Ligand SMILES: Cc1cc2nc3c(=O)[nH]c(=O)nc-3n(C[C@H](O)[C@H](O)[C@H](O)COP(=O)(O)O)c2cc1C
(Lines of atoms letter the chains of each structure in order from A and count residues from 1; the text may use other names and numbers.)
(Lines give C-alpha, C1' and ligand atoms only; values in the text may rest on other atoms or scores of the structure.)
Protein backbone atom coordinates (compact mmCIF):
# COMPACT_ATOMS: atom_id res chain seq x y z
CA UNK A 1 0.00 0.00 0.00
CA UNK A 2 1.13 3.51 -0.72
CA UNK A 3 2.60 5.75 1.98
CA UNK A 4 -0.05 8.01 3.42
CA UNK A 5 0.36 11.74 3.09
CA UNK A 6 -2.65 12.76 5.19
CA UNK A 7 -2.23 13.40 8.92
CA UNK A 8 -3.29 11.77 12.16
CA UNK A 9 -6.40 12.85 14.04
CA UNK A 10 -6.17 12.93 17.81
CA UNK A 11 -8.97 13.09 20.33
CA UNK A 12 -8.61 13.44 24.11
CA UNK A 13 -10.93 11.68 26.55
CA UNK A 14 -11.91 14.11 29.25
CA UNK A 15 -12.35 12.06 32.43
CA UNK A 16 -12.36 13.72 35.85
CA UNK A 17 -8.85 13.28 37.32
CA UNK A 18 -7.72 10.94 34.54
CA UNK A 19 -8.79 7.87 32.66
CA UNK A 20 -7.02 5.28 34.79
CA UNK A 21 -9.29 3.72 37.41
CA UNK A 22 -6.84 4.73 40.18
CA UNK A 23 -6.06 8.19 38.77
CA UNK A 24 -7.76 10.10 41.57
CA UNK A 25 -5.39 8.52 44.14
CA UNK A 26 -2.23 9.56 42.29
CA UNK A 27 -0.15 12.12 44.24
CA UNK A 28 -0.28 14.49 41.29
CA UNK A 29 -4.04 14.23 40.75
CA UNK A 30 -6.61 16.64 42.06
CA UNK A 31 -8.94 14.30 43.92
CA UNK A 32 -11.96 16.60 43.58
CA UNK A 33 -11.34 17.38 39.89
CA UNK A 34 -14.83 16.18 38.95
CA UNK A 35 -16.42 19.18 40.65
CA UNK A 36 -13.95 21.83 39.58
CA UNK A 37 -14.68 23.61 36.32
CA UNK A 38 -11.24 25.30 36.47
CA UNK A 39 -9.69 21.83 36.22
CA UNK A 40 -11.59 21.05 33.00
CA UNK A 41 -10.76 24.48 31.63
CA UNK A 42 -7.03 23.92 32.18
CA UNK A 43 -7.20 20.50 30.53
CA UNK A 44 -9.19 21.77 27.54
CA UNK A 45 -6.82 24.68 26.97
CA UNK A 46 -3.81 22.40 27.28
CA UNK A 47 -5.26 19.98 24.70
CA UNK A 48 -5.93 22.91 22.42
CA UNK A 49 -2.33 24.08 22.85
CA UNK A 50 -1.39 20.62 21.53
CA UNK A 51 -3.68 21.23 18.48
CA UNK A 52 -5.72 18.11 19.21
CA UNK A 53 -8.81 17.60 17.06
CA UNK A 54 -11.33 17.18 19.84
CA UNK A 55 -12.20 16.64 23.47
CA UNK A 56 -14.47 13.71 24.10
CA UNK A 57 -16.74 13.04 27.07
CA UNK A 58 -18.22 9.60 27.75
CA UNK A 59 -21.53 9.33 29.57
CA UNK A 60 -23.84 7.06 31.45
CA UNK A 61 -27.21 8.25 32.77
CA UNK A 62 -26.94 6.28 36.02
CA UNK A 63 -24.22 5.34 38.47
CA UNK A 64 -21.46 3.50 36.64
CA UNK A 65 -22.27 0.21 38.41
CA UNK A 66 -24.14 -0.64 41.60
CA UNK A 67 -21.51 -2.59 43.57
CA UNK A 68 -20.94 0.12 46.11
CA UNK A 69 -17.95 -1.46 47.82
CA UNK A 70 -15.95 -1.24 44.58
CA UNK A 71 -17.59 1.89 43.17
CA UNK A 72 -16.89 3.82 46.37
CA UNK A 73 -13.18 3.22 45.74
CA UNK A 74 -13.26 4.90 42.33
CA UNK A 75 -13.99 8.47 41.21
CA UNK A 76 -16.66 7.22 38.80
CA UNK A 77 -19.81 7.83 40.78
CA UNK A 78 -20.03 11.52 39.87
CA UNK A 79 -19.49 13.41 36.65
CA UNK A 80 -20.91 16.49 35.00
CA UNK A 81 -23.51 16.18 32.27
CA UNK A 82 -21.42 16.34 29.06
CA UNK A 83 -23.33 18.94 27.01
CA UNK A 84 -23.43 21.32 29.94
CA UNK A 85 -19.70 20.95 30.57
CA UNK A 86 -18.81 21.27 26.88
CA UNK A 87 -20.97 24.39 26.49
CA UNK A 88 -18.98 26.00 29.29
CA UNK A 89 -15.70 24.83 27.74
CA UNK A 90 -16.78 26.26 24.37
CA UNK A 91 -16.57 29.70 25.96
CA UNK A 92 -12.95 29.27 27.10
CA UNK A 93 -11.53 27.57 23.97
CA UNK A 94 -11.36 28.65 20.34
CA UNK A 95 -10.61 25.76 18.05
CA UNK A 96 -10.75 22.34 19.65
CA UNK A 97 -13.72 20.09 18.81
CA UNK A 98 -16.23 19.21 21.56
CA UNK A 99 -17.74 15.72 21.42
CA UNK A 100 -20.41 14.67 23.92
CA UNK A 101 -21.92 11.24 24.40
CA UNK A 102 -25.70 10.94 24.42
CA UNK A 103 -27.75 7.76 24.38
CA UNK A 104 -30.55 7.11 21.92
CA UNK A 105 -32.13 4.60 24.31
CA UNK A 106 -33.15 7.05 27.04
CA UNK A 107 -33.57 10.32 25.18
CA UNK A 108 -35.90 11.90 22.64
CA UNK A 109 -34.56 12.96 19.24
CA UNK A 110 -35.98 16.48 19.38
CA UNK A 111 -34.07 17.19 22.61
CA UNK A 112 -30.84 15.79 21.21
CA UNK A 113 -31.12 17.63 17.88
CA UNK A 114 -31.79 20.87 19.71
CA UNK A 115 -29.00 20.52 22.27
CA UNK A 116 -26.29 19.60 19.76
CA UNK A 117 -27.44 22.29 17.32
CA UNK A 118 -27.15 24.78 20.20
CA UNK A 119 -23.66 23.55 21.14
CA UNK A 120 -22.63 23.83 17.51
CA UNK A 121 -23.76 27.47 17.39
CA UNK A 122 -22.29 28.35 20.78
CA UNK A 123 -18.92 26.85 19.78
CA UNK A 124 -19.03 28.16 16.18
CA UNK A 125 -19.04 24.73 14.57
CA UNK A 126 -17.10 22.50 16.96
CA UNK A 127 -19.77 20.06 18.20
CA UNK A 128 -19.80 16.28 17.81
CA UNK A 129 -22.33 13.70 19.02
CA UNK A 130 -21.15 10.29 20.20
CA UNK A 131 -24.27 8.23 19.59
CA UNK A 132 -24.46 5.32 22.02
CA UNK A 133 -27.17 2.79 22.79
CA UNK A 134 -26.31 2.56 26.54
CA UNK A 135 -23.89 0.04 28.00
CA UNK A 136 -25.13 0.29 31.58
CA UNK A 137 -28.40 -1.58 32.11
CA UNK A 138 -29.17 0.34 35.33
CA UNK A 139 -30.06 3.37 33.20
CA UNK A 140 -33.48 1.76 32.62
CA UNK A 141 -34.41 2.36 36.27
CA UNK A 142 -34.07 6.10 35.81
CA UNK A 143 -36.49 6.22 32.90
CA UNK A 144 -39.61 4.42 34.03
CA UNK A 145 -38.54 0.91 33.03
CA UNK A 146 -37.64 -2.09 35.17
CA UNK A 147 -35.25 -3.58 32.66
CA UNK A 148 -32.89 -2.49 29.91
CA UNK A 149 -34.20 -2.30 26.35
CA UNK A 150 -33.05 -5.39 24.39
CA UNK A 151 -29.97 -5.04 22.21
CA UNK A 152 -31.70 -5.40 18.78
CA UNK A 153 -34.43 -2.96 19.87
CA UNK A 154 -31.83 -0.49 21.07
CA UNK A 155 -30.24 -0.46 17.64
CA UNK A 156 -33.56 -0.24 15.74
CA UNK A 157 -34.46 2.73 17.88
CA UNK A 158 -30.97 4.21 17.38
CA UNK A 159 -31.29 4.05 13.57
CA UNK A 160 -34.60 5.83 13.55
CA UNK A 161 -33.49 8.26 16.27
CA UNK A 162 -30.46 9.21 14.21
CA UNK A 163 -32.53 9.77 11.07
CA UNK A 164 -34.94 12.03 12.92
CA UNK A 165 -32.13 14.08 14.47
CA UNK A 166 -30.49 14.62 11.08
CA UNK A 167 -33.85 15.55 9.57
CA UNK A 168 -34.43 18.10 12.32
CA UNK A 169 -31.01 19.67 11.78
CA UNK A 170 -32.16 20.37 8.22
CA UNK A 171 -35.28 22.19 9.40
CA UNK A 172 -33.93 25.47 8.10
CA UNK A 173 -31.95 26.39 5.02
CA UNK A 174 -28.59 27.89 5.88
CA UNK A 175 -29.82 31.32 4.79
CA UNK A 176 -33.35 31.07 6.22
CA UNK A 177 -32.82 33.74 8.88
CA UNK A 178 -32.89 37.18 7.25
CA UNK A 179 -33.16 39.26 10.44
CA UNK A 180 -33.83 42.22 8.19
CA UNK A 181 -34.75 45.23 10.31
CA UNK A 182 -35.67 47.34 7.27
CA UNK A 183 -38.20 44.93 5.77
CA UNK A 184 -39.34 43.59 9.13
CA UNK A 185 -38.83 39.96 8.04
CA UNK A 186 -36.96 37.86 10.60
CA UNK A 187 -36.94 34.66 8.57
CA UNK A 188 -38.06 33.48 5.16
CA UNK A 189 -40.98 31.01 5.60
CA UNK A 190 -40.10 29.42 2.26
CA UNK A 191 -36.81 28.23 3.77
CA UNK A 192 -38.40 26.37 6.65
CA UNK A 193 -38.93 22.60 6.32
CA UNK A 194 -41.29 20.46 8.37
CA UNK A 195 -39.96 16.93 8.88
CA UNK A 196 -43.29 15.21 9.62
CA UNK A 197 -41.67 11.95 10.69
CA UNK A 198 -43.89 8.98 11.54
CA UNK A 199 -42.02 5.78 12.35
CA UNK A 200 -41.91 2.68 14.55
CA UNK A 201 -40.55 4.53 17.60
CA UNK A 202 -41.05 8.22 16.97
CA UNK A 203 -43.56 10.63 15.68
CA UNK A 204 -41.89 14.01 15.28
CA UNK A 205 -43.38 16.85 13.34
CA UNK A 206 -40.62 19.47 13.67
CA UNK A 207 -39.29 21.91 12.69
CA UNK A 208 -36.42 22.51 15.11
CA UNK A 209 -36.42 25.85 16.92
CA UNK A 210 -32.70 26.39 16.37
CA UNK A 211 -31.13 27.55 13.09
CA UNK A 212 -29.24 25.02 10.97
CA UNK A 213 -25.95 24.20 12.77
CA UNK A 214 -22.81 25.93 11.44
CA UNK A 215 -21.42 22.53 10.45
CA UNK A 216 -24.70 21.59 8.76
CA UNK A 217 -24.75 18.57 11.03
CA UNK A 218 -22.54 18.23 14.12
CA UNK A 219 -20.00 15.43 13.56
CA UNK A 220 -21.49 11.96 14.14
CA UNK A 221 -19.38 9.64 16.31
CA UNK A 222 -20.14 5.99 17.13
CA UNK A 223 -18.51 3.17 19.07
CA UNK A 224 -20.64 0.03 18.94
CA UNK A 225 -18.67 -3.19 18.55
CA UNK A 226 -21.49 -5.69 17.80
CA UNK A 227 -22.68 -6.52 14.28
CA UNK A 228 -25.59 -4.10 14.72
CA UNK A 229 -23.22 -1.47 16.08
CA UNK A 230 -20.86 -1.82 13.14
CA UNK A 231 -23.67 -1.69 10.65
CA UNK A 232 -24.92 1.57 12.13
CA UNK A 233 -21.37 2.93 12.17
CA UNK A 234 -20.83 2.01 8.52
CA UNK A 235 -24.05 3.77 7.56
CA UNK A 236 -23.82 6.96 9.61
CA UNK A 237 -20.63 7.42 11.66
CA UNK A 238 -18.02 9.96 10.65
CA UNK A 239 -15.70 9.07 13.53
CA UNK A 240 -15.54 5.57 14.99
CA UNK A 241 -13.98 4.69 18.33
CA UNK A 242 -12.62 1.17 18.58
CA UNK A 243 -10.66 -0.90 21.05
CA UNK A 244 -8.63 -3.35 18.92
CA UNK A 245 -5.99 -5.60 20.45
CA UNK A 246 -3.16 -5.30 17.93
CA UNK A 247 -2.26 -3.79 14.59
CA UNK A 248 -3.52 -6.83 12.63
CA UNK A 249 -6.99 -6.75 14.18
CA UNK A 250 -6.95 -2.96 13.73
CA UNK A 251 -6.22 -3.40 10.02
CA UNK A 252 -8.97 -5.99 9.66
CA UNK A 253 -11.54 -3.74 11.35
CA UNK A 254 -10.41 -0.73 9.29
CA UNK A 255 -10.72 -2.61 6.01
CA UNK A 256 -14.03 -4.27 6.81
CA UNK A 257 -15.67 -1.14 8.15
CA UNK A 258 -14.65 0.97 5.17
CA UNK A 259 -15.85 -1.76 2.78
CA UNK A 260 -19.15 -1.95 4.62
CA UNK A 261 -19.45 1.85 4.38
CA UNK A 262 -18.86 1.65 0.61
CA UNK A 263 -21.96 -0.57 0.52
CA UNK A 264 -23.90 2.45 1.82
CA UNK A 265 -22.40 4.62 -0.91
CA UNK A 266 -19.88 6.25 1.38
CA UNK A 267 -16.24 7.00 0.58
CA UNK A 268 -13.36 5.69 2.72
CA UNK A 269 -12.34 9.23 3.66
CA UNK A 270 -15.81 10.02 5.02
CA UNK A 271 -15.05 7.92 8.11
CA UNK A 272 -12.17 8.36 10.55
CA UNK A 273 -11.34 5.33 12.66
CA UNK A 274 -9.72 6.12 16.01
CA UNK A 275 -8.65 3.32 18.39
CA UNK A 276 -8.27 4.12 22.06
CA UNK A 277 -4.77 4.16 23.53
CA UNK A 278 -3.27 5.06 26.91
CA UNK A 279 0.19 6.65 26.64
CA UNK A 280 2.70 6.67 29.49
CA UNK A 281 5.50 8.92 28.29
CA UNK A 282 8.88 9.31 29.96
CA UNK A 283 12.18 10.97 29.11
CA UNK A 284 13.52 7.41 29.25
CA UNK A 285 11.76 4.05 28.90
CA UNK A 286 12.50 3.35 32.56
CA UNK A 287 10.81 6.57 33.61
CA UNK A 288 7.75 5.74 31.50
CA UNK A 289 7.56 2.26 32.99
CA UNK A 290 7.86 3.69 36.53
CA UNK A 291 4.94 6.04 35.85
CA UNK A 292 2.85 3.14 34.67
CA UNK A 293 3.75 0.91 37.63
CA UNK A 294 3.16 3.74 40.11
CA UNK A 295 -0.43 4.04 38.95
CA UNK A 296 -1.06 0.32 38.68
CA UNK A 297 0.08 -0.10 42.31
CA UNK A 298 -2.80 2.18 43.35
CA UNK A 299 -5.50 -0.15 41.99
CA UNK A 300 -7.51 -1.36 44.98
CA UNK A 301 -8.01 -5.16 44.80
CA UNK A 302 -11.77 -4.72 45.24
CA UNK A 303 -11.84 -2.42 42.22
CA UNK A 304 -9.65 -4.83 40.26
CA UNK A 305 -11.93 -7.76 41.07
CA UNK A 306 -14.94 -5.73 39.93
CA UNK A 307 -13.22 -4.99 36.61
CA UNK A 308 -12.75 -8.74 36.26
CA UNK A 309 -16.37 -9.52 37.19
CA UNK A 310 -17.62 -6.93 34.69
CA UNK A 311 -15.59 -8.62 31.98
CA UNK A 312 -15.88 -12.31 32.90
CA UNK A 313 -19.44 -12.29 34.24
CA UNK A 314 -20.93 -12.55 37.71
CA UNK A 315 -20.99 -16.34 37.70
CA UNK A 316 -17.27 -16.57 38.48
CA UNK A 317 -16.71 -15.94 42.17
CA UNK A 318 -13.09 -15.02 42.82
CA UNK A 319 -13.57 -13.79 46.39
CA UNK A 320 -12.09 -16.85 48.15
CA UNK A 321 -9.12 -17.17 45.79
CA UNK A 322 -5.53 -16.09 46.30
CA UNK A 323 -5.03 -12.95 44.21
CA UNK A 324 -1.53 -14.10 43.39
CA UNK A 325 -2.71 -17.53 42.28
CA UNK A 326 -4.11 -18.55 38.89
CA UNK A 327 -7.61 -17.88 37.62
CA UNK A 328 -9.80 -20.87 38.63
CA UNK A 329 -11.42 -23.04 35.97
CA UNK A 330 -14.21 -21.11 34.36
CA UNK A 331 -17.24 -22.37 32.49
CA UNK A 332 -17.50 -21.25 28.86
CA UNK A 333 -18.92 -17.78 28.64
CA UNK A 334 -22.20 -16.39 27.55
CA UNK A 335 -20.85 -12.87 27.71
CA UNK A 336 -19.32 -12.98 24.26
CA UNK A 337 -15.82 -12.62 23.05
CA UNK A 338 -14.41 -10.20 25.59
CA UNK A 339 -14.78 -12.81 28.35
CA UNK A 340 -13.21 -15.51 26.21
CA UNK A 341 -10.37 -13.25 25.12
CA UNK A 342 -9.61 -12.31 28.71
CA UNK A 343 -9.60 -15.92 29.90
CA UNK A 344 -7.42 -16.93 26.94
CA UNK A 345 -4.97 -14.15 27.81
CA UNK A 346 -4.72 -15.34 31.42
CA UNK A 347 -4.04 -18.94 30.31
CA UNK A 348 -1.61 -18.01 27.55
CA UNK A 349 0.54 -15.78 29.72
CA UNK A 350 0.00 -17.72 32.93
CA UNK A 351 -1.28 -14.62 34.72
CA UNK A 352 -2.39 -14.50 38.34
CA UNK A 353 -5.76 -12.98 39.22
CA UNK A 354 -4.03 -9.76 40.27
CA UNK A 355 -1.97 -9.59 37.08
CA UNK A 356 -5.08 -10.15 35.01
CA UNK A 357 -7.11 -7.34 36.58
CA UNK A 358 -4.10 -5.06 36.28
CA UNK A 359 -4.09 -5.78 32.54
CA UNK A 360 -7.71 -4.62 32.38
CA UNK A 361 -6.92 -1.55 34.47
CA UNK A 362 -3.98 -0.65 32.21
CA UNK A 363 -6.32 -0.17 29.18
CA UNK A 364 -4.08 -0.70 26.15
CA UNK A 365 -1.03 1.16 27.46
CA UNK A 366 1.71 2.50 25.22
CA UNK A 367 4.75 2.87 27.45
CA UNK A 368 7.93 4.58 26.30
CA UNK A 369 9.68 7.72 25.17
CA UNK A 370 8.07 10.27 22.85
CA UNK A 371 9.91 8.58 19.96
CA UNK A 372 8.54 5.18 20.95
CA UNK A 373 4.97 6.49 21.09
CA UNK A 374 5.39 8.32 17.78
CA UNK A 375 6.82 5.13 16.22
CA UNK A 376 3.78 3.19 17.35
CA UNK A 377 1.33 5.84 16.07
CA UNK A 378 3.17 6.00 12.76
CA UNK A 379 3.20 2.23 12.37
CA UNK A 380 -0.56 1.93 12.97
CA UNK A 381 -1.31 4.86 10.72
CA UNK A 382 0.92 3.79 7.85
CA UNK A 383 -0.40 0.20 8.11
CA UNK A 384 -3.95 1.49 7.53
CA UNK A 385 -5.00 0.25 10.94
CA UNK A 386 -6.38 3.68 11.95
CA UNK A 387 -6.76 7.33 11.00
CA UNK A 388 -5.56 8.55 14.36
CA UNK A 389 -6.17 7.83 18.05
CA UNK A 390 -8.54 8.63 20.79
CA UNK A 391 -6.18 9.14 23.67
CA UNK A 392 -7.02 8.07 27.21
CA UNK A 393 -4.81 10.26 29.40
CA UNK A 394 -4.19 8.22 32.54
CA UNK A 395 -3.73 11.13 34.99
CA UNK A 396 -4.42 14.83 34.50
CA UNK A 397 -2.69 17.12 34.02
CA UNK A 398 0.74 15.45 33.92
CA UNK A 399 0.23 12.79 31.25
CA UNK A 400 -1.51 15.26 28.92
CA UNK A 401 1.28 17.77 29.53
CA UNK A 402 4.01 15.30 28.62
CA UNK A 403 2.03 14.23 25.55
CA UNK A 404 1.61 17.83 24.37
CA UNK A 405 5.20 18.79 25.15
CA UNK A 406 6.97 15.66 23.94
CA UNK A 407 4.85 13.45 21.68
CA UNK A 408 3.03 16.13 19.66
CA UNK A 409 6.27 17.90 18.60
CA UNK A 410 7.74 14.53 17.57
CA UNK A 411 4.65 13.77 15.45
CA UNK A 412 4.84 17.27 13.95
CA UNK A 413 8.53 16.84 13.16
CA UNK A 414 7.61 13.69 11.22
CA UNK A 415 4.87 15.54 9.32
CA UNK A 416 2.25 13.30 10.91
CA UNK A 417 0.36 15.97 12.81
CA UNK A 418 -0.71 19.59 12.25
CA UNK A 419 1.42 22.44 13.58
CA UNK A 420 -1.54 24.82 13.56
CA UNK A 421 -5.26 24.44 13.13
CA UNK A 422 -6.02 25.31 9.52
CA UNK A 423 -9.81 25.30 9.89
CA UNK A 424 -12.21 26.54 12.51
CA UNK A 425 -14.76 23.73 12.72
CA UNK A 426 -14.44 20.15 13.93
CA UNK A 427 -15.42 18.99 10.42
CA UNK A 428 -12.53 20.99 8.99
CA UNK A 429 -10.07 19.53 11.52
CA UNK A 430 -11.22 16.04 10.52
CA UNK A 431 -11.26 16.76 6.79
CA UNK A 432 -15.00 15.99 6.57
CA UNK A 433 -17.36 17.64 4.10
CA UNK A 434 -20.20 19.85 5.27
CA UNK A 435 -23.45 18.03 4.45
CA UNK A 436 -25.99 19.71 2.18
CA UNK A 437 -29.51 20.30 3.48
CA UNK A 438 -31.66 17.35 2.36
CA UNK A 439 -34.65 19.60 1.67
CA UNK A 440 -32.72 22.14 -0.39
CA UNK A 441 -31.23 19.22 -2.31
CA UNK A 442 -34.71 17.91 -3.07
CA UNK A 443 -35.73 21.31 -4.39
CA UNK A 444 -32.72 21.86 -6.60
CA UNK A 445 -32.44 18.23 -7.72
CA UNK A 446 -29.19 16.29 -8.11
C1 LIG B 1 -14.36 3.84 23.09
C2 LIG B 1 -15.78 3.57 23.48
C3 LIG B 1 -16.48 4.52 24.22
C4 LIG B 1 -17.81 4.28 24.61
N5 LIG B 1 -18.44 5.20 25.37
C6 LIG B 1 -19.69 4.92 25.84
C7 LIG B 1 -20.34 5.80 26.72
O8 LIG B 1 -19.80 6.82 27.09
N9 LIG B 1 -21.58 5.48 27.15
C10 LIG B 1 -22.24 4.35 26.75
O11 LIG B 1 -23.37 4.13 27.16
N12 LIG B 1 -21.63 3.49 25.90
C13 LIG B 1 -20.38 3.74 25.46
N14 LIG B 1 -19.76 2.87 24.62
C15 LIG B 1 -20.51 1.69 24.23
C16 LIG B 1 -21.01 1.69 22.82
O17 LIG B 1 -21.19 2.89 22.22
C18 LIG B 1 -22.22 0.81 22.66
O19 LIG B 1 -23.37 1.45 23.12
C20 LIG B 1 -22.02 -0.48 23.40
O21 LIG B 1 -20.75 -0.98 23.09
C22 LIG B 1 -23.08 -1.48 23.06
O23 LIG B 1 -23.09 -1.66 21.69
P24 LIG B 1 -22.45 -2.90 20.99
O25 LIG B 1 -23.19 -4.05 21.56
O26 LIG B 1 -22.71 -2.63 19.54
O27 LIG B 1 -20.99 -2.93 21.32
C28 LIG B 1 -18.44 3.08 24.22
C29 LIG B 1 -17.75 2.13 23.48
C30 LIG B 1 -16.42 2.35 23.11
C31 LIG B 1 -15.72 1.31 22.30
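Even glycines carry a Cβ here, placed using N, Cα and C.
Cross-referencing 2, 17, 203, 226 with the FMN binding residues that TrEMBL gives (59, 101, 151, 155) picks out 226.
Note on TrEMBL: of 277-297, 298-318, 319-339, the range annotated with the feature region 'Disordered' is 319-339. Looking at the residues that bind FMN per the record, 59, 101, 151, 155, 226, the two CA atoms farthest apart are separated by 19 Å. In sequence order, 151, 155 are the residues near residue 226 (FMN binding site), counting only same-chain partners six or more apart with C-beta under 8 A. The Cβ of residue 155 (FMN binding site) has 21 other Cβ atoms within 10 Å, all protein chains considered. In the three-state DSSP classification, residue 151 (FMN binding site) falls within a helix.
For residue 101 (FMN binding site), the same-chain residues lying six or more positions away in sequence with a CB closer than 8 A to its CB are 56, 57, 58, 59, 82, 130, 132. Mean model confidence of the domain 'Luciferase-like' (21-380) amounts to 94 (pLDDT, 0 to 100 scale). Of the listed binding-site residues 59, 151, the Cβ environment within 10 Å is emptiest of other Cβ atoms at 151.
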